[in-house]
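Below is one structure; the comments refer to it alone.
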């Protein structure tokens, strides 16, 4: 039967779909291995190394789930040679759709002179020259926002859960919101920081999880007012060698003191796994978000909105983009003229989650640059 790859960033990867009984359907990831991926890639004419990707890594399919429990040795000519169950027999949901990456190159892209060449670089999206297909809270490109990090609660039994978004400022420092520590306190041993992540449940080559050495919450932060909602986290590791910088893991640029985004900043984005309290996306989401004149937030939130905050969001009903697609503590970033991306805001509060007339409020990073530099020495 014919096989195709759907929803990848190029023609050599994607969700595996097979054509059976006149319609395209997906393959369930029960027992899905690199051997199975090798056969799919061979059938499509790709001879290089192949990698299996489980858990709807390339999004969920819509049609039937045709095939489950594929068992390839890796030498077969086509996927049909490995199918051991009748079509349509499965106990799967589309959240388990299988995918592959063909001609996989595991080059840890960090430049020829190692990471030294990257230590002075900030705000560059080295992997973003691929096609753009992202607006209004859609999957981002893998590695497309290399400074996106996440603050996770360490649990006694392995993998912790996502608490907040965060922004990498250097190999050893991330920026996040003070309110992220309200519930579990400021003790560094409760937390870990993950960088290089795209799909939260699939371990990836560039992903790294690091312990926390120190949590610095702004001392003027008061939970009741949400003012000064900013915090810094120092990762464990020797000076500026905490996480490995690569094309997928790079710091964002800090704004200059009092720097304002360009008026034309239609190019501001929020990113995150969009934890809305009930369900969140497994793959990193992004949404373009317009900055608003501060009077919108002053009128809406009265005295709660201070000069240390930014106002952003869509006011029209039909284009609702709000920090529900981002995460608390995560970045609001805009592009400077030229190439580099600057973190101007930290997702703070004011979620009506896209409620009409409720713009989101972000901590204004430029107001805190002296504070950030005094702590991080960046």
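Placement of Cβ uses the backbone N, Cα and C atoms for every residue, glycine included.
Where the annotation comes from TrEMBL, it is an automatic prediction and has not been curated.
The domain 'SRCR' feature in TrEMBL is assigned to 3-103.
Neighbour list (residue 92 (disulfide bond), Cβ cut-off 8 Å, at least 6 residues apart, same chain): 28, 29, 30, 65, 68. Annotated disulfide bond per TrEMBL: 28-92 (among others), in sequence order.
Marked as disulfide bond by TrEMBL: 41-102 (among others). Residue environment of residue 41 (disulfide bond) contains 26 other Cβ atoms, counted within 10 Å of its Cβ in all protein chains. For the recorded site, residue 41 (disulfide bond), the DSSP three-state label reads helix.
Secondary structure at residue 72 (disulfide bond), as computed by DSSP, is coil. Summarising the annotation, TrEMBL assigns disulfide bond to 72-82 (among others).
Annotation source TrEMBL lists domain 'Peptidase S1' at 134-377. Model confidence over the domain 'Peptidase S1' (134-377) is summarised by a mean pLDDT of 84.
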Conformational class of residue 82 (disulfide bond) under the three-state DSSP mapping: helix
Pairwise Cα distance for residue 82 (disulfide bond)/residue 41 (disulfide bond) [Å, integer]: 14
Between residue 41 (disulfide bond) and residue 72 (disulfide bond), the C-alpha gap once rounded to whole angstrom: 12
C-beta crowding around residue 82 (disulfide bond), within 10 angstroms: 18
Whole-number Å value for how far residue 72 (disulfide bond) lies from residue 102 (disulfide bond) (Cα to Cα): 16
Long-range Cβ environment of residue 72 (disulfide bond), under 8 Å and at least 6 residues apart: 33, 35, 36, 38, 39, 79, 81, 82
